[in-house]
Amino acid sequence: MSSSVTGEGLRVVYDGDPALHEVSLKVEPGTVTAVIGPNGCGKSTLLRTLARLLKPEAGVVTLDGTDINRMPSRQVAQRMGVLPQSPTAPDSLSVLDLVARGRDPHRRWYDQWSAQDEEISLAALERCGLLDFAARDLDSLSGGQRQRAWIAMALAQQPRLLLLDEPTTYLDVVHQIEVLDLLRSLHAEAGTTIVMVLHDLTMAARYADRLVAMRAGKVIADGGFAEVMVSEVLARVFDLDCDVITDPRTGRPVVLPHGRAR
Amino acid sequence: MSLSGLVLTRAPALRSRTVSAQAGWLAMTASALLLAVLLSLAVGSRGLIPGELFDVVRGSGTAEARAIVLELRLSRTIAAVIAGAGLAVAGAVIQGHTRNPLADPGLLGVTSGAAVAVVLAIFLLGITDPAGYLWFCLLGALLGTVLVTAVGLAGAKRRDASPASLVLAGAAVNALLGAVTGVMLLLDSASLDVYRFWTVGSLAGGPDAQVLAVAGPLVLAGLVIAIAHAPALDSLALGDDAAKALGRNPLRTRLTGLAAVTLLVGGAVACAGSLGFVGLVAPHVVRRLTGPVHRWLLPQCALVGAVFVLLADVVGRLVVHPDELPVGVVLGIFGGPAFVLIVLRFRRSRRGR
Amino acid sequence: MTVPAVRVLGVSARLRPRYLVVLVTGALAALALSVVSAGVGDYAVPPGRVVAALLGNGDPMEELVVTTIRLPRVLLALVVGAALGVSGAITQATARNALASPDLLGVTAGASVGAVLVIVIGGRDAAGSGILRTVGIPVAALIGGTIAAGLVLLLLRTTGADGLRPLLVGVGVSAFLSGIVSWLMVVATINDAARANVWLTGTLNGRSWAELWAAGAALTVIALPLVVLAPRLLTLRLGIDVARGLGLNTGRTQAMLLLAAVVLAAATTAVAGPIGFVALVVPHLARLATGSAGPPLAASAVLGALLLVAADLVARTAFAPIQIPTGAVTAFVGAPFLIWLLIRNRRGVLT
């Protein structure tokens, strides 16, 4: 099952500086979207606004057609999983205890931990390849494993829509691929709608169907990789001189920045 | 609802293994509590042998033994349990909410609010009997928290009483209330004479049944609220963003936590005066058994806190026999070094891992 | 934006304008209050004549009152306030915890045991109480504070000065010593308890040049290494790993900083008793006022001095002719200011 999320005329202001200028974005159900752009362009702000972590000054975010800020937060969390940027956990929290939190939206405070909760949490762990690490402390995992543990928590929410803020930051290339492959297969199996902020342009072009390029709080380009991953657009978005070639194996674009090194 | 593609192929019963481990710890501390309660009923200037005590518990026994247990020791034992459980759980809740392991239950102004009200009652109205200033104590506790919460809310950037803002608000309001208390005590040594016994924390003589009848339900209500909001507190420990993503309302969770702390500390302080140490230290000790998950941490804190205070009270009755050391003094003099040992030992075991 | 560079004692620091404004206004306010404070009392001297008396060309009687009687107390307030502010800022920065204060490291509790012991034992000995009161209490407090701090630091040798552990050890040691103080307070006669309570509140009453020289000498000795250590504090604030990467011996630096904080607190407690609130709250005041990310040392010193001079002035005049202990007033003067700063804080210093 997949959900759609739409932002309409979103404006967000930080300490007097506008971070989003009337941004509108419609994410269709069952699609994979990557938001790209230079640091400070508002891409994280956009994601956080869609995730109702920020309340916009103007504009509406709707989840499956309903204003997200008027829905009970618990109900939103039953459909939408969010992975914040560099999340923190208390010392010596176990992986399973973290993932179990993902069942929160489905339980009332008086509900006991049920066999179904247990099964879903363990299935989420298994899906992320962490079943053998369930009893380990989160601190003792590698960066890639830790990131997958947080994704497993979001999966335990059984979301129809996943919003991820830079899920591959700090990960080496192997772990980046691992996390993105995982997201892609979730999408393939369950049709989960995915919106993520990514820094690596080549990865974004490889794993997303749709790319949204932002700069200074505005959407500059929006479309498939063939429309967005072209050197003229990238020059406008990043002020970056680059060539874009095609990966012969996947047919997806690869960005080669000019730089000055030889 | 469908499992959204999540199908488990092999199912180790991990969670139930944690549950049984945690339940094991709980059973252990529960038996320790039972033992401490029996000790507290038996030990004193006229000690009872186990046989005598069991007779009383069964409803028989000599008139003398019955009088000692039921009239002298039962009420102080109940008070110790209430105060210990209340302060330890409040400490864990407040440390969780402020994300600061140095926070103590008094941080939110409950204790200093109660102290101001008690001293006012002594100073202005000449009330010297604990049952008399019970309501002042509770009202002061409530006003203290309300004040801290109001300042904390006003100070936080997004009006969500962020931990940093709460900590500072607590420090400021506590200092102010403490100064009011201090000046009254400096101006009036008769107030000091009553207050110095209240502030050290003492169970001597056993609190009034009326005090227990009010404080007990308050602490119990606080316990229920605290344990009910434990899952929300656990989500909040992942950061406000993650908590919101999980459908929690951070502000509502914090206000619930504040309410629980007010009830717990208000009740505890009414029973035993402003006992220090337990609330700050018990959560650190318990976390070593249970880990950071509040669902387990809080009930365990209730048991361990009660054991701490009971044992301190028993030791206080023994060491300067036939006199008594106030329970607050014993907690500091014996508990302090014991806590240092725990901190140092933990370091070693961690390094060895 | 231009950032003025300030060069003091060969150590240059680049200060943001707002920081500079806080430092200068704070220092000027402290100076003005000092002049006022030196003039106020039974024998009132207007501010203009206070300045004249200080410069040595005033009325002899006024010179006597101002320089011999009131000046040491005013200067002591400045010195003690500055020392407590710095001590608190160091502790909070080193432990990276907003609730850390040197009190938690056992100094205050140790000093209190020493002083209260002398008061309670000496109080029963009428003949000895005179000498014990003037000499015995500060010495006993210094000994008690030093022993306690030494104990904590000794325990730190086995644990390392890293993170929270020193403070948790301090909490344990302080609990032990406070237990003794509480017990002494309960067994004492009410008169002794009242006198002990005055000492435990912290006061500058009746302090003279002797205390000022003693405290001044001790604090100067500690202030010198701090000039070297202070920049390292900025590095430490970036986190242990980054500081190590920048070539800092973090363990030793943290231990030395904590030692400095402890000695500052011990010296001030010996002369003025455990004046509360300043060490815990002044670094926060400084942080909110300057908008800096961590507790700033220089601003903490200036604001600490200002707060204590103001508090001492209130303590001397509020209930005149009765002088209440300075420590009872610091919170009245400082807490509303902190609450005001907190409420108008929109800059997001608190994250």
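Every residue gets a Cβ built from N, Cα and C, even glycine.
Note that this is a predicted model, so its numbers are computed, not measured.
The annotation transmembrane segment is assigned in TrEMBL to C:74-92, C:104-123, C:135-156, C:168-190, C:210-234, C:255-277, C:297-315, C:322-343.
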Criterion met for the transmembrane segment (C:135-156) and the transmembrane segment (C:255-277) (at least three Cβ pairs under 8 Å): yes
Result, the transmembrane segment (C:168-190) in contact with the transmembrane segment (C:74-92) (3+ CB pairs under 8 Å): no
Considering the transmembrane segment (C:297-315), which listed stretch of C:104-123, C:210-234, C:255-277, C:322-343 counts the most C-beta pairs under 8 Å: C:322-343
Same-chain residues at least 6 beyond the ends of the transmembrane segment (C:322-343) whose Cβ lies under 8 Å from its Cβ atoms: 77, 198, 201-205, 272-278, 281-282, 284-285, 288-289, 307-308, 310-312, 314-316
